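Annotated domain 'IFT122 first beta-propeller' per TrEMBL: 13-195, in sequence order. Annotation comment: TrEMBL describes 55-86 as repeat 'WD'. Look at TrEMBL and you will find 302-556 tagged as domain 'IFT122 second beta-propeller'. According to TrEMBL, the feature domain 'Intraflagellar transport protein 122 homolog TPR' maps to 566-680, 728-904. TrEMBL lists 694-732 with the feature region 'Disordered'.
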């Protein structure tokens, strides 16, 4: 912590009233400051110290001021026994009096209730009340503080008592001290571990003590060595400032740990106030009229080694964070943490009077169970602290000191200039190396087992930051002019430089990648390529794989950065090995796929194979392991890659360049893009005819492997079933596949038409039959050959379809061509085509008996009984003819047609 003076005002001494600053209060928004001095109330602009108003409402010295929590009013009280309520603009709006001088004022943080303390009583006033409620006290009230809930207040009395009362001023508990209690304050933000409000009490027995609401002590008592006069908490409740009679102003933690002195004033500090909002600030008022505002700058105390980061929290704790797993552990040191150093699994913490050493047992890179291993009682003063496996190193101006874990100084180095930056770059335990960046611009390398520093790089600008590449061949330096310079350590040659850098870090896993930040921009520079910028607030302090470790204010954030741009830059220049290393740092599956495809195009199969393995693309691995590829296959490989990417037309062109027209046809066939497939099939046919590509041998043609291969052979028009000497037709095979595809899609008519075009009559007829397409089906029947068993089946199935759809003429034609006269007669009979049936029976007498029986039944239905009798007799069914006559006789007799009955009998 470092105090920085913002403004100061020396108030002139007034002869009658003096210039003692008795009280100070901030408006809750931190923009206005109220000061009680002499008989005036002064209003200051808190930002620059400009005096805004000097209020004259009091006739005697003003001892106290306080601001309401709402920020609309403040109150003042003094030796004239008056309490005045003011608006924030300095307008007096109300006044009430006590019988004695007003010693202290305090507004309730929840309500508008105002407590005022005098020599012998305490008053409670609120806007809702017409009068002030006054309650006697046994001694002069020196200080008052309300709890954060506004339900209780504590009174510090001159007789050494602390009276804790409720908001109605009924006493609840009492604390007895031996000397006047000049200052006290409740913590405005109780911690989770505190079950009750904690009261901090400053007594003139030169002690500082802590109490609960019940009056019970809440912690050990601390000897101050001076009389405390004023106290003020930070709004977070973590710290408070304490002003003393000897002019000291100190910063303490809520747990009573002294951190350090804020300043030493020339006279007693009767009042001080911490700014409630805005930058951490404190305003101090002294006996000699000094009003001084200071900004408290809390420096970041931290340490980083690779992916382990440690930082100071609440000034007394150390928090260790694993930047990859984001696991955090807290170490409570219970003392002011001044410096922190991290190296591998080792942590070194410097406290005011000792150094603590912690280690993680084992070699688990994710283990965060730090255990204390050494405690060295030593008081050290240093500006930088770093750790190694067995030592820690202090840096103070131009001097480096090496200490063992036992606190023994083993070695000392004196350098030529102030040390601005120091970094441990590793090595064998006990022989680690460190790099020191100096104010004169030199970079010095020191091995801790050697007494002789080695100057590595000489440049002229003071060093702000530096880092080693992971292969220790390159050094990056950021100087005071915000320039990044990268050197080759073997040649000491400047490789390149970039402007606008404030911090730098090499990638711990890739030696040619460095990150630097500045002006809210993060830049990633890979190899000799231009930097890749992106917006990022903070300072880059570490870089591992695809993770940037960025320090923002006092917190460390892990930012995932895309490695895709670096990957594609290496691909653009054909550096596939470097591209693969970059991809291993962390890229998306899409980037891995692009790397694999780029590598395939260039026939870098090793990289392609490993990239496909990363994304588990087994199909590609299997596909490209089926054959050995040569440089002549470059176009073919590129075509496969383009097809995989969905760039089908480009792939087809490359297939054509490789004379693999069939592959282009097959690709478009699989895509069911039939027009494109036919186009490439025609090209393939022409290439075969011209002899540009090989054709299958005669043996291959005469012995196809399976039935489907036979289907792809083109029948010669002269000899049915004979294989053409031109070999299998690509167009025919394509059309067959298209037909099968249409059949799968349910477009049976189109499939049947295509089957017919390629000579697959049986499959075409089957589909026509399924959909009842009679016209094309009869055409197939007409083209059939009775001598062909396959055609005979087609004709019979077609006839059955025609009969099903009641198409007599097509059914007659199919049965006639198939010479199935038995079914043909059945058809004639079913359709009552008796003339055609008897004509057919004359040609085929053996089928005549099959006609007479149905013919007789038809005659009966048409009342032609004599002819029916003859038909039954010719059919050899005398039983039917006799039954018919018997029925006719009975029927005639019943109707009394005896002549007819006699004729039938």
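Any Cβ shown, glycine's included, is placed from N, Cα and C.
These figures come from a predicted structure and were not determined experimentally.
As a whole-number mean, the pLDDT of the domain 'Intraflagellar transport protein 122 homolog TPR' (566-680) in this prediction is 83.
Among residues of the same chain six or more beyond the repeat 'WD' (55-86), those with a C-beta under 8 A of the stretch's C-beta atoms are 17-18, 20, 22-29, 34-43, 92-110, 112, 114, 116, 118, 123, 125. For the domain 'Intraflagellar transport protein 122 homolog TPR' (566-680), the number of residues in each DSSP class (helix H, G, I; strand E, B; coil) is 91 helix, 0 strand, 24 coil. Each residue in the repeat 'WD' (55-86) gets a DSSP state, and the totals come to 0 helix, 18 strand, 14 coil.
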